[in-house]
Amino acid sequence: MNQSDIMFDYKHIWHPYSSMTNPLPCYSVISAKGVYLKLNNGKKIIDGMSSWWSAIHGYNHPILNKALKKQIKKMSHVMFGSITHPAAVALARKLIDLTPKELDCVFFSDSGSVAIEVAMKMLIQYWYSLGQRRKFFLTIRHGYHGDTFAAMSISDPKNSIHKIYNNFLPKHFFSDPPMSSFHDKWNENDLISFQEIIEKNSLKIAGVILEPIVQGVGGMKFYHPIYLKKIKCLCDYYSIPLIFDEIATGFGRTGKLFAFEHANVVPDILCLGKAITGGTITLAATISSSHIAKTISNSKIGCFMHGPTYMGNPLACAAANANIKILQKNKWKIQVSNIEQQLCKDLLPLINHHNVNNVRILGAIGVVECMRLINIALIQKFFVNNGVWIRPFKKLIYIVPPYIIDTKQLSVLTNSIKKALDNASFFL
Ligand SMILES: *Cc1c(COP(=O)(O)O)cnc(C)c1O
């Protein structure tokens, strides 16, 4: 890739959440291996993002590659309508095995946002099957569930700029987010807003949807497990199904295989994505209880009306099967716990830094919340020069490194964050 390719990209290609006329600079990556991204100029940098929470075992993993190659020799894809194949069956078996026993019907789709759409459609159809027309969802502010319309409609109204899409977006119920953070003392008042809304509107609400414990893009906040427990009790009391969006947190990131295990509660529908294929290829899953699935299926309509062209893609399923195998073999729990300990040691002391407002660690997630908005282009250039890949947003510098990262490599990441904080020009 040469300079003219980069110029072409600049002029003709949209990147995530960016402008076509004034985009952030893009770095050209030509290959990746383990925790390293190799840039155009030959420089290798340590990845602190796992390509947005997905490449948990690092890049170019021989076992993942082998699984993909083995599958490609059989078939890359085959339609899933009236056809099944061994990779999908093996993966559904594994997912049902890994998740609580209540969750036992799997719907495969191609991205996290679609997994959310599917979960929401399931609940609307669930109520329809019961003779009720419920179309409202209840969630908490500062959430993020994806960029398609229904997913956006339940994401934080400010972050996803609902006002632009005013007449297109359905209006749902948003409660105040909990204030008690994961390690704080639980404050019962956190529940008031949610409780009021659910009490008043329980007969209108088709489902409650939340990111359990970790609110990701909406602010990288970790809330108290008791909040989740109480929400579950309220949902049970009003017989409203509960959807957990574990697209970011699933597969060990928070120190538990699924974040909801911190609170010991089980949802009626679980959405998985991102790390499911170890960062190799896009895939998502919506796993529901058989109660939901049977209610939909035993109704007059009988079918669930969704079916992506690439549903259950064999390559993606093969990668996911291999990913779960590596997860178990690699002892993810020890990997994540080691990362957590080092993040605590390296990052928690930064709380006293004059540019830092808060530092939060949970599992293999490290968050440094700064006092002021960050100049992303400048700080990113600094990070790359320091040999690391970190992509902050708003006031947040955060890392979600691959689980295979070693102590030294992780120190390079945390030291770069430390150094960056001393540079006043990075803060607006
Ligand atoms: C990334 C993400 C999504 C959307 O997934 P895509 O694959 O980007 O569509 C949904 N929910 C959460 C919590 C996410 O982090």
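Cβ from N, Cα, C; glycine included.
Predicted, not measured: the structure shown is a model, and the values here were computed from it.
Among the candidates Asp47, Asp176, Asp245, the residue that TrEMBL annotates alongside Gly112, Ser113, Pro308, Thr309 as binding pyridoxal 5'-phosphate is Asp245. For the pair Tyr144 (substrate binding site) and Ser113 (pyridoxal 5'-phosphate binding site), the C-alpha distance works out to 10 angstrom. For the pyridoxal 5'-phosphate site, whose binding residues are given in the record as Gly112, Ser113, Asp245, Pro308, Thr309, the maximum C-alpha distance rounds to 23 Å. Among the binding-site residues Gly307, Pro308, Thr309, no residue has its Cβ under 6 Å from any atom of ligand 1. Within the set of binding-site residues (Ser113, Thr309), the lowest number of other Cβ atoms found within 10 Å of a Cβ is recorded at Thr309. Sorting the binding-site residues Gly112, Gly307, Pro308 by the number of other Cβ atoms within 10 Å puts Gly112 first.
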